[in-house]
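The domain 'Methyltransferase type 11' annotation in TrEMBL covers 154-203. Annotated domain 'DUF7870' per TrEMBL: 282-381, 424-518, in sequence order. According to TrEMBL, the transmembrane segment annotation covers 12-33.
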């Protein structure tokens with residue numbers, strides 16, 4: 001008797017099981033790719049397989065009268081769009097933003113800065129409303145970048161590290177005042193220039209309200225030429241007004257207000273640009289008449305100081321630097337004044353303390369955010385004598401030491417000084433400054449160097465380093481009336497108040513924003 005044949009049903013069953021397992025594997029792999037790699041949200045009901053239906057319409061109100069029906073899947077066709085993404089595309093905020101950018105781009109097309117054939121990039125756009133607007137008006141080859149992708153309009157990338165080769169795009173757009181929010185504005189601008197083709201256009205929306213911030217912005221784009229700047233209404237109440245700046249990349253053009261060296265530092269000859277000189281005219285007036293009680297008058301004058309950040313937006317700077325020349329203790333001016341009172345516009349400053357007196361050096365070891373230079377600021381690199389004496393007008397008592405003055409070593413042979421004398425190392429301050437900061441940084445300096453200002457300031461002019469400083473707080477030392485001894489002048493300094501006034505006046509006449517300090 002023959003056994004019944006069972007091989008054929010078993011074979012079919014195995015085939016069906018394998019097909020089913022393969023289908024499940026494909027679904028799992030697709031799900032994992034979309035959620036973990038592509039950075040998309042996914043809905044369990046459609047397993048991220050379905051794009052917008054063909055009859056799904058997004059209606060946007062045009063800049064003029066009437067309305068235009070725009071099919072959303074035209075902009076995102078052949079791409080995966082989740083239901084949550086479809087909801088976003090129909091929201092009022094999305095439609096309002098798309099309308100705004102569409103109007104902006106249509107104006108740029110009419111003016112010849114953008115064409116429908118342009119390969120275009122929108123930088124730091126979170127959801128891609130500007131990319132959508134470009135596609136809507138026919139600029140199909142458009143993409144956006146943001147830290148987290150938002151496919152299909154935005155891929156992963158950041159402004160300071162754009163994931164494209166050089167000379168890739170005909171048009172680059174940065175909206176929403178995104179550049180001024182960047183932690184690395186110079187890198188951000190450099191990446192825009194790198195990826196932009198020669199003769200290509202970059203359009204940036206900023207909140208540059210004054211000439212200082214506008215020119216600081218232009219300084220970031222060395223190889224671009226300013227084509228146009230105009231003020232337009234913003235997208236909403238969070239950005240009510242915008243300055244739209246159009247730049248054109250010209251690789252053989254180096255722009256700048258100063259004569260620049262290849263490394264970005266200023267050459268020996270420099271002139272302070274006109275927009276900086278305008279703030280000098282807005283500064284508090286100098287005290288023209290010598291005060292009889294300078295310890296009172298100068299302290300009161302601090303309340304009248306008009307700080308540069310209170311008059312201008314300092315956003316478009318690469319770094320923010322404070323240099324305290326003659327810092328003494330941390331609490332003398334860094335902790336008590338700069339940290340607490342100087343208006344920083346929420347910027348983080350690199351702080352340098354230059355102090356030759358070794359009495360204060362130990363204190364700075366625990367100040368991790370302050371870089372101590374334990375030397376004397378001088379006009380060249382050489383060994384100096386550091387003379388400590390007690391000035392009766394200075395209410396400073398630190399381990400019995402008074403205020404220190406530096407002198408060339410050979411001057412000790414002249415005699416006539418019976419205070420403490422140390423040997424210290426002096427360094428070329430102007431040269432150090434030129435190697436530490438650039439004209440793209442925001443630099444604030446306080447100088448209290450016991451008479452050495454009459455050596456250091458001319459050296460700053462001689463080397464061109466003066467143009468690197470945005471704001472100076474200078475204490476000028478002269479034979480002032482003594483607090484301890486009415487009718488007597490201090491014998492410590494030979495300069496007169498008139499000479500100090502000449503120093504301040506010369507600085508301001510040359511466009512340097514300097515304040516009389518105590």
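Each residue, glycine too, has its Cβ placed from N, Cα and C.
Assigned with DSSP, the residues of the domain 'DUF7870' (424-518) fall into helix, strand and coil as follows: 36 helix, 20 strand, 39 coil. Look at the domain 'DUF7870' (282-381): DSSP puts its residues at 30 helix, 18 strand, 52 coil. Here the domain 'Methyltransferase type 11' (154-203) has, by DSSP, the following mix of helix, strand and coil residues: 14 helix, 19 strand, 17 coil.
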